[in-house]
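Annotated features, as they stand in TrEMBL:
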type	residues	note
DOMAIN	A:93-342	domain 'ABC transmembrane type-1'
REGION	A:361-381	region 'Disordered'
TRANSMEM	A:27-53	transmembrane segment
TRANSMEM	A:97-119	transmembrane segment
TRANSMEM	A:131-151	transmembrane segment
TRANSMEM	A:215-238	transmembrane segment
TRANSMEM	A:270-289	transmembrane segment
TRANSMEM	A:325-346	transmembrane segment
C-alpha cells in the first residue's frame, strides 16, 4: 500500500528528465498481464454471472436475443427447487463439507508434525526425508488418482495390508456407505431418529447429512492428505526457521518441558504460517475436481459428487448452463465466507485472562518470564 | 540450515551448565539416544509410506494384468513384461497426448517467464499513475478460485472462437498473478543503482530491463520456469473445458480418460499405471534437478 504514495508523488515529474516515458513503459509492460487476466478472468466472471441469471442452453451466444433473463430461478432450482437439482447440490455440499472437515485438520496437523520432525538441526538425512514427503505434491493429481484407484482397488495394496491385520477391506471406490453410519451400525444403530430422518436440508435428510464421508470419499480424503502435506510441511519449516532460538531457550530456562514449549511457545509464533496453511487448505479443499473427474465421476451413489464437479457436469454434460454457473457462484461465496470467518476466528486479540493466568503461574518466581512470549510476538511485527 | 544449529546447541550447553548433576545428565543422554532411535524409526516408516506407492506404480507397470491383481504389493514383476508400454506407444494416442502436453508446456512456460517478469519489473520499478490499482487488482485476481472459473472461461474461449484450438489451450494460461508477485519481489531486491548507471548511459526502459536487470533475476526466473512447467504439465480442468477433439488431448486429459475405462476392458492397471508413471517422469526429473530451488521457492513465498 505504501507503493501508492511515492508513485503519486513522482508521477508529476515523470513527464520530464531522465525518467521520461516511464509511465508509458509501465503500462506497456503490464499490458499483456492485464489484457490476458482481463479477457480470461474478469470478463468471463461477468459473462458467467449473466449466464447464471439466464436460460441459455449452450447453443449460440449467451447474449443473443432469444436468451431470456430468468432472475434467481437457477439459484432457486439448486437451493430450494425441491427437485433433483437441489438434492444433487445438497449431496455435493454434504460430501465436500465432510471432505473439508477431515482433510483440513489432518493435513495441517500432519504437515506441522512432519515439519517439526524434519526441522531438527542434528537430524541426519534431513534432505532425503523432506524430498520423500514433498515428492507427492509435485506430481499431477491425475497420475496420483490413477495410482490411488489401483492401491485402493478391491485386490489392491491397501486391502492386502489390511488382510495381514485380519481386516477384510472394503471395495473402496464402489462403496457408497457413510463412515459415520457404518460406525453407528457397528454398535447396532442402523436407522436414525425420526426428527433426523424426517427433516431435510437442501433435499438431503439430516440423517444423511450426518452419514459422514462415504468409504469412497475416505480414500480421496487420504489422498488429499498424502499429496498436500508435503507442500504445507515446507511452509511450516520456513516458519520454524524464522523463529529465533532465544524464546525457546528462555522457556527452557523457566523449566517448560518439550510439550509445553511446543504448545505455549512454538505454536503461537507459528500463527501467521498456520493461518496461511489453513486458508490455502480451506480454499483448496472446496475445489475438488481433478480427482473426481479422473476417478469416480461422482459415484458411487453420488457420494463423491462435489460442487465443483457438479457445476462442471451440470453445464457441460447436462447442458444446464444457468444452474452450473449458479453452483459455481454459490461455491465462490462459500469459499470467500469461510476464509473471512477463519480470519475472524484466528485474528490477533489481547491474551485472555484465563490464558494469561497460565503464563503467570510458573513465572511467579522469575518475574519477567510472563510477558516474554508476547514480547517476542510484538517484535516480529 | 546451519543457522538453526547454533542456538540449539547453545541451549543444550546452557542447560547442562544450569543443572550439572551427574546422574541426571547420564539419564538424559540414554533417554536422548532412545528418542533418537525412535525418531529415525518413525521417519523411515513415514518416508516408506510416502515413497512406496510410487515404487509399486513403476513395478506394476511391468506386470501382467493377472500379476497386478494377485500381488499388488511386490516390487518384483513376475513375469516381467513391456506389454503396457508397447501398447501405449505403438497402439494408442499416447504419443499424441505427450506431444500436446510438451507444446502447451513450452509455450506457457516461455510466456509466463517473459510476461510475468515484464509486469513484475514495471510494478517494482517503474513509476506510473495507476500502479497501485494494478497491484490491488492482481491481489484480487489471485483470490478467485480456479474451479469457479471453469464455465466462465469456456464462455469466453467459445465467444472468441478459439475453442478446441491450441490458442484456447495456451492463451489463458500465458500469465499468472502469483508469478508476477514473485518477479516483483525479486526485482525490488536488486539495488536501483544498477539501473541508474545504464540510464545515464542512455539505455531505454526496455533495454535496461532486458540487458541489465533480467540477467540478474536468474534465480527468480528459474523459479517461474519450474512453477509454470509443473502447473501447465499437471493442468487438467482448463483442457477439459477448452478442447474436445482427440488430436488436442493432453496427457492429463488422456490419462484421465484411460482411468475411467477408455481403451481398456477390465481394470488393466499395468497400462494405466504405466501411463501415469511416464507422465510423472518429466516432473520428477525437474524436481530432482532443481530440488533445492523448489524447496526454497516455496519457503520464499511465505517469508515475503
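In case you wondered, yes, glycine gets a Cβ from its N, Cα and C as well.
Unlike curated records, TrEMBL annotations are generated automatically.
Since the structure is predicted, the reported quantities are computational estimates derived from the model, not experimental observations.
Remark: the transmembrane segment (A:27-53) contacts the transmembrane segment (A:325-346), by the rule of 3 or more CB pairs under 8 A.
When each of A:97-119, A:215-238, A:270-289, A:325-346 is checked for Cβ pairs under 8 Å to the transmembrane segment (A:131-151), A:215-238 comes out on top. Within its own chain, the transmembrane segment (A:215-238) is flanked in space by residues 95, 98-99, 102-103, 106-108, 110-112, 114-116, 118-119, 130, 133-137, 139, 141, 144-145, 148, 152, 170, 172-177, 179, 182, 270, 273, 276-277, 280-281, 284-285, 288, 291-292, 295-296, 299-300, 303-304, which lie at least six positions past its ends and keep a Cβ under 8 Å from the stretch. Sequence-distant neighbours of the transmembrane segment (A:325-346) (same chain, 6+ residues past either end, Cβ-Cβ under 8 Å): 48-49, 51-52, 74-75, 77-79, 89, 92, 271, 274-275, 278-279, 282-283, 286-287, 307-308, 310-311, 314-315.
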